[in-house]
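Heads up, the thing below is written out as structure tokens.
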Amino acid sequence: MTLHAYLGRAGTGKSTKMLTEIKQKMKADPLGDPIILIAPTQSTFQLEQAFVNDPELNGSLRTEVLHFERLSHRIFQEVGSYSEQKLSKAATEMMIYNIVQEQQKYLKLYQSQAKYYGFSEKLTEQIQDFKKYAVTPEHLEHFIADKNMQTRTKNKLEDIALIYREFEQRIQNEFITGEDSLQYFIDCMPKSEWLKRADIYIDGFHNFSTIEYLIIKGLIKYAKSVTIILTTDGNHDQFSLFRKPSEVLRHIEEIANELNISIERQYFNQLYRFNNQDLKHLEQEFDALQINRVACQGHINILESATMREEINEIARRIIVDIRDKQLRYQDIAILYRDESYAYLFDSILPLYNIPYNIDTKRSMTHHPVMEMIRSLIEVIQSNWQVNPMLRLLKTDVLTASYLKSAYLVDLLENFVLERGIYGKRWLDDELFNVEHFSKMGRKAHKLTEDERNTFEQVVKLKKDVIDKILHFEKQMSQAETVKDFATAFYESMEYFELPNQLMTERDELDLNGNHEKAEEIDQIWNGLIQILDDLVLVFGDEPMSMERFLEVFDIGLEQLEFVMIPQTLDQVSIGTMDLAKVDNKQHVYLVGMNDGTMPQPVTASSLITDEEKKYFEQQANVELSPTSDILQMDEAFVCYVAMTRAKGDVTFSYSLMGSSGDDKEISPFLNQIQSLFNQLEITNIPQYHEVNPLSLMQHAKQTKITLFEALRAWLYDEIVADSWLDAYQVIRDSDHLNQGLDYLMSALTFDNETVKLGETLSKDLYGKEINASVSRFEGYQQCPFKHYASHGLKLNERTKYELQNFDLGDIFHSVLKYISERINGDFKQLDLKKIRQLTNEALEEILPKVQFNLLNSSAYYRYLSRRIGAIVETTLSALKYQGTYSKFMPKHFETSFRRKPRTNDELIAQTLTTTQGIPINIRGQIDRIDTYTKNDTSFVNIIDYKSSEGSATLDLTKVYYGMQMQMMTYMDIVLQNKQRLGLTDIVKPGGLLYFHVHEPRIKFKSWSDIDEDKLEQDLIKKFKLSGLVNADQTVIDALDIRLEPKFTSDIVPVGLNKDGSLSKRGSQVADEATIYKFIQHNKENFIETASNIMDGHTEVAPLKYKQKLPCAFCSYQSVCHVDGMIDSKRYRTVDETINPIEAIQNININDEFGGEQ
């Protein structure tokens, strides 16, 4: 029973001395007494390789490299193990979650948190922490008895003690945790003859838990010898750099005193690891109180990058230089990090440079398609077949892998489901999924082609197969009563899905293709799933449980599954965290993310028990818990020290100025400290360095091409670019080995969104030999030719969703107003409040069920929206009544359609126009309302258009002039052409072109006293004032509002009179009859010009910018045209917005059917 302690700073040869001793003993007596090297889990593989690869040893039967848990198993093999079943991490988590749910009503502080998955995880960690530090429920109960304790702390500890005690009772005599197995190991030590003959070495640790100290105590007591290696100078000062390992030494000294043995200390002072003076000086002076500056010889570098991505790209380039120029191997290099954001960057960037690497971290299995399928399947049952988990389940492609183009079929199914609002048990309604229903998907109904029918039949078959599997699963689970029943039902369901065969086939294919890591993942997924089922049966067995609770507990278990990947090769870069990674004697170590906030890292308490509660508990209960935040904060310098002393050749520190979320970052104060130790140790700004040394960017062929692209793009924009980039382009272009993909990059370099003008034949194939179109189609072309091409040429459709769109709301208002107008023959004056409500209810009952497959009755929200629509309609009718009371114009026709060949007598005829290519233009559409007034055998007509959007309820004559707003002039033209079909007199003249804004008006008041009910109603009515353009003819003016008189401005039409009875400029929007006719004829010419441009094949990405706004803001096709202000701004079209449109139209000569030149 001897105890040795090898003490010294990093790189002084402590571990080398240990390995040399072990090697000498093994050479002297290969089959002698056992030698046990205890190391952290992360180090065991590396140390085993050291013995295996030693040419003088070639392995050993005498020496074993173990961590504490594996050592315990070694002892159990000799003396016998415990009879209890050992709980896995997942089994422990599931058991504690179930206990928390059962005990929820008894909890005092955590009752509301108990339902969340994360709470049981925190509670499990706290209980495991207690066990590591030998704190029992009895300790907690004794501590809780303290009358001076705060109520919140008392309630917290009572809750934890309740769950902890219940957990201990559940596992008593039946199960054992990993921490308890270590306690059993301690009890077994005296029985082990093997241990009594063993020489023990403990290396690689900087701190231990209470249970681990007890193990060490047992080893010292029963083993032949124990040697512990610690990185410390022996200084017990709590503010020393080596506080943490010195604390370990203090504990070992206490153990030695208890056992009445002395510690044979051996101090190591000579530095052996470092190959140069830079690293020696860095190690010796890092914690020095008085700085001794020396010249840096180039073995320490500090890199500053703009972003984290740029930082890792630079590290990758420098690794290539290490391998190529310095003749290092990948296994000679290590990367250490602390910010978890870097893990993703390693995976995304290092493969681009063909750098083999292994990250010493475990990845969760939850994002694997198989796990996502299972968790989505669980959620489908839990949520009663809601659409989101169903779609996630389908998109995993696990249950649909047997279908060709399954992803495409699932995409079509998703379109249909979102359009029809399929949820809940509607998934089971075969009638809803009739193939004929797919003919209407995202478009007007049309007859399915044979190919479309075959495709949609496959969609329906796929959906039915998946539903059958889910129903089978649901039925099997619903018949289960105990946990064992549930586990059995789940496994049998997976077999029914043929999941095992599917996974094994996929694994074999991956292995055959050399993708061994992915193949290994498949194995671990299936084994992990079976392990969770086994754990459930082990822990709960025949215990009754509801299906809901079982699925919750099962999901908790799935959350704990992690991939444990074995390195695929020995020659690879080692990547790990600064806190846990065990890398030693690497030629080059890169420490990335050296920012303030990461190194040092603010340490905050994340456990259920706060730092203050820990300290109070330790004092009162005389126990030791895990270190508090302030203690851990003191050890940050030691973490940095250990990380940077792992190298023996070079150390590169790097940091970025911007975080992963775009936040500003500062340099680590440790780097400032390191920089102060050396003269001429400058921070290298990476962008500036590359600007001066462009060749440093050319380390990898593929990545050089990408950087070359950026350089050439800068050159095209007249920026100064180094000649070496032009040389690099020529080399790559002329090399058959390197020029793959170069043409693609060059085409991207000159990409400018320029479209190809369609030929005459293709234009006719796309648009037909005649143009049959609505007014909005021509307006859409004027906004942007490409928008028209995408919608009417390519016929691209947006995914239709089961939700109310703005245009749906407009259609509802139009339909409701048409229904009511026809019922009352347009006589709004006769309406009273009772009649308004009655007609509104009738109209809504008739119309709303037809909107989007009865959408407005699908949920409480939409039913509320229906009532809101009803309220808007009632207010609108009140406004129409008010307007009708003071107008001589009478509404006569509602929702009147027009086209070239009317299908009924009620429809109007639209005159055919002709393009410059001789192609007929047939305009079709629907006029919301036509009001008429007849006097002296002359009929005057008003066009009334209902708008539910305020932005579109305005007639902008500048837009009319330029063909951007064509609707109202077209409607007036159609009405003037159809006087006989409308039953008008021989002489018909325009009255007004007016918009009616259907909306829910709001009135602002400064104070409550301003509110008057009668005035409020009047003000609301005024909010519905018509806007647009009115014929300045006195007969029209008098008929529009019979109240008009001098100094009066109408509140129903845009007309006002001055004091002398003339039309006021401020309150009137009027034009004379000839001007209106000119606008109408000019509108026709805009139709001809627009249609001619369409048939000419214009498809340019050329939006029309008007009043500093682009139509792109609300365009559905941006993802297709990739409009970009930098690329396309030169093609933005503009118009002269300063013109007076009425003066402009009066100054042009127009030939028309109204009487020659005007």
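Here the Cβ of each residue, glycine as well, is placed from N, Cα and C on the backbone.
The annotation domain 'UvrD-like helicase ATP-binding' is assigned in Swiss-Prot to 1-275 on the grounds of sequence analysis. Summarising the annotation, Swiss-Prot assigns ATP binding site to GLY8, ARG9, ALA10, GLY11, THR12, GLY13, LYS14, SER15 and lists sequence analysis as the type of evidence. Residues or ranges marked as domain 'UvrD-like helicase C-terminal' in Swiss-Prot (evidence: sequence analysis): 269-583. Per Swiss-Prot, [4Fe-4S] cluster binding site is recorded for CYS784, CYS1112, CYS1115, CYS1121, and the stated evidence type is sequence analysis.
Locations of recorded Swiss-Prot features on the structure.
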{"residue": "GLY8", "record": "ATP binding site", "contacts (Cβ under 8 Å, 6+ apart)": "LYS14, THR231, THR232, ASP233, TYR267, PHE268, ASN269"}
{"residue": "ARG9", "record": "ATP binding site", "contacts (Cβ under 8 Å, 6+ apart)": "THR231, THR232, ASP233, PHE242, PHE268, ASN269, LEU271, GLU283, GLN284"}
{"residue": "ALA10", "record": "ATP binding site", "contacts (Cβ under 8 Å, 6+ apart)": "THR231, ARG273, GLU283, TYR641, VAL642, THR645"}
{"residue": "GLY11", "record": "ATP binding site", "contacts (Cβ under 8 Å, 6+ apart)": "LEU271, TYR272, ARG273, PHE274, LEU279, GLU283, THR645, LYS648"}
{"residue": "GLY13", "record": "ATP binding site", "contacts (Cβ under 8 Å, 6+ apart)": "PHE268, GLN270, TYR272, ARG273"}
{"residue": "SER15", "record": "ATP binding site", "contacts (Cβ under 8 Å, 6+ apart)": "ASP203, ILE229, ASP584"}
{"residue": "CYS784", "record": "[4Fe-4S] cluster binding site", "contacts (Cβ under 8 Å, 6+ apart)": "VAL1101, ALA1102, PRO1103, LEU1104, PRO1111, CYS1112, CYS1115"}
{"residue": "CYS1121", "record": "[4Fe-4S] cluster binding site", "contacts (Cβ under 8 Å, 6+ apart)": "ASN753, PHE786, ALA790, VAL1101"}
Mapped DSSP class for CYS1112 ([4Fe-4S] cluster binding site), helix or strand or coil: helix
Residues near THR12 (ATP binding site) in space but at least six apart in sequence (CB under 8 A): PHE268, ASN269, GLN270, LEU271, TYR272, ARG273
Assigned element (helix, strand, coil) containing THR12 (ATP binding site), judged by DSSP: coil
Three-state secondary structure, CYS784 ([4Fe-4S] cluster binding site) (per DSSP): coil
Listed in sequence order, residues not in CYS784, CYS1112, CYS1115, CYS1121 with Cβ within 8 Å of the centre of the [4Fe-4S] cluster site Cβ atoms: GLN783, PHE786, LYS787, VAL1101, PRO1103, LEU1110, PRO1111, TYR1117, GLN1118, VAL1123
Cβ-Cβ neighbours of LYS14 (ATP binding site) (radius 10 Å): 23
Environment of GLY8, ARG9, ALA10, GLY11, THR12, GLY13, LYS14, SER15, the listed ATP site - residues of the same chain whose CB lies within 8 A of the CB centroid: THR231, PHE268, LEU271, TYR272, ARG273
CB contacts for CYS1115 ([4Fe-4S] cluster binding site) [other CB atoms within 10 A, all chains]: 20
